[in-house]
Amino acid sequence: MKNFVEELKWRGMLHDMTPGTEAQLNKEMTAGYIGFDPTASSLHIGNLATIMLLVHLQRTGHKPFALVGGATGMIGDPSGKSEERKFLDEEVLKHNQTCIKKQLEKFLDFDSGANSAEMVNNYDWFKEIGFLQFLREVGKHLTINYMISKDSVQKRLETGISFTEFSYQLLQGYDFYWLYKNKNIKLQMGGSDQWGNITTGTELIRRKESGEAFALTTPLLTRSDGQKFGKSEGGNVWLDANMTSPYKFYQFWLNVADDDLPKLLRVFTLWDRETIEAFDKEADKNKVKRELAKDLTTRIHSESDYQQALKASELLFKGTLADFNATEERILNEIFEGVPQIEISQSEYKNTSSIVDFLSVVTQNQIFTSKGEARRMLKEGGVSINKEKVSEATSMQFEFLKGKYLLVQKGKKNYFWVKIG
RNA sequence: GGGGAGAUUCCAGAGCGGCCAAAUGGGACGGACUGUAAAUCCGUUGUUGUAAUGACUUCGAAGGUUCGAAUCCUUCUCUCCCCA
C-alpha cells in the first residue's frame, strides 16, 4: 500500500499539514473528509483537485468522507472572497446539494469494505441545533481574538464582513468536531485557502474533547501566468455535461499552457510517477495534452463522450469539406452534440439580405450579439463559413454541407453548426 | 445620534458645464506568429449604420437649472469611514 503523504508530496499536492498528520496516517486507517458547499448545481475542475485528495486517501487505504455543505452553504465562506455574497434560496441549495452529491459519487468507491467512502450533509446535524445551544457549545470555546486572526477574516476587515460570514468558521469547525465525535474522523483536508477554517476545527476538538485532529491542505491551482485555473471563455469548466459539454471539456484540456502540464498531470491523473515523468520529457506537448484530455474526459464523462469529442475536434480542426460530406448526417449531428447548434428555416435563410444579418439576427444572436459586433469581427477577418474566410461583402451564396448545413467559425476555435431546414 | 467620503461603461479608476460614447490600466475578443500552446506584436471593446464633426441609449434613481449636464441644484436609494 502506498503512503498517502508520500504520494501527495511527489505530486506537488501537499501545501501544509499539522504536525503528527503523517504519523497518524501511518498508525492506522484514518478517516478524512473534505467539504463542498453547494454554491452551484455542479462542481467544477477546481473542486476536482480537492476531490483527488479524497481519491488518493482511499487508494492508500484510508476512509474518505465527502461532506455536502447543506448548512454552511446557507452562510457563505468568506475565504478568498472580497465581499459579502447574496444568499442562495433554499430551493436552489437543495437542488445543488442533490446534484453535487451525484457527482461526488462518481469519484469514490462506496463499496470497498472497511474503507468505503461515505457521504454526509452538515445540514443533518445543524438543523437540530439552536442558537443558544450553539453559543454555549461552540462559541464559548473560541475567542474573538482567535477568530479575527484568521486570514480570511483579516482580509475582509477593511471592506466589511457581516457577523454571518464571520461565523462561518465556527460552523465548519463544528462540522469537524461533530464528525470527530460521531464518525471518528481525524483529518480534514481542503484547498490551502481552507487552512484557517480547518484549524478552527482542530482547535475546537482540542479544547472540547482534548482530542487530536489533523489538517492537510493542497495548493490552490494557478496557471503559469498566475491566473486562477479552471476558467475558460468567460466561465467555469463544470463537471456537468449540460453546463460544459464533453466537447468543450475535452477542448479545455487540449488548450492548457505547456508550462502547466507537469502540474496538471500530477494533480488530475492517477498515472504513476514513471509515466508522468516520461510525459514531462515528451517533446510533442500536444500529444501529452491529448492524453490528459482523454483521461479526464473519459473519467468525468465517459468513453463514448470522449470518442465523440475526439471526432468532433478532428473534424472541426483538421477536416476538409469533403470529410464533412463524406460523414453520415446522423453521425455528424451526434458528434457535434457539444458544439453550439443553430437551426433556421429555408425561408429565413432566403430572406437574409446580408452576411451581417445572417451572423446576428437571423441566427438569433447566438453567433454575434449585435450587428456591430458581427461587422467588426468580419472586418478583422475573424469569421469563416465552411472554412473560408468571409468579409462583409461576401454574398449569401454558400454551398451547404450535406445539402443543409453551414459551418460557421468565429475566431479559430469557436464553431457553430447551422442547420437550414 | 453627530460628522465626512462616495456611487462612472465587464472590473479598477480618471473626468467635475461644451473638444465625453467618456482618459488610463486590467480583462475579454479578434488578427499575425505557432503546435487548436506560451511569450510577443497589432487591432477591437454601447446600439444602429446613407461609416458621417450622423442618429439613438448610457455616467446610482427621479426631477430641475442651462442653448448645452457624467459634470450645477433638489429629493430619494445604497455603500464606506470617523466620533458617540
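Using N, Cα and C of the backbone, Cβ positions are placed for all residues, glycine too.
In three-state terms derived from DSSP, A:GLN172 (L-tyrosine binding site) belongs to a helical segment. There are 29 other CB atoms within 10 A of the CB of A:GLN172 (L-tyrosine binding site), with all protein chains counted. Annotation comment: TrEMBL describes A:TYR33, A:TYR168, A:GLN172 as L-tyrosine binding site.
Per-residue confidence over the motif ''HIGH' region' (A:38-47) averages 87 (mean pLDDT, predicted model). Sequence annotations record features per position, and here TrEMBL assigns motif ''HIGH' region' to A:38-47.
Per TrEMBL, the feature motif ''KMSKS' region' maps to A:228-232.
Here TrEMBL flags A:LYS231 as ATP binding site.
Residues annotated as domain 'Tyrosine--tRNA ligase SYY-like C-terminal' in TrEMBL: A:333-418.
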List of residues, in chain order, with Cβ under 8 A from that of A:TYR168 (L-tyrosine binding site) and at least 6 apart: A:THR72, A:ILE75, A:GLY76, A:ASP77, A:PRO78, A:ASN197
Max pairwise CA distance, angstrom, over record-listed L-tyrosine binders A:TYR33, A:TYR168, A:GLN172: 18
Listed in sequence order, residues with CB under 8 A of A:TYR33 (L-tyrosine binding site) and six or more positions away: A:LEU54, A:PRO64, A:PHE65, A:ALA66, A:LEU67, A:VAL120, A:LEU179, A:ILE185, A:LEU187, A:GLN188, A:MET189
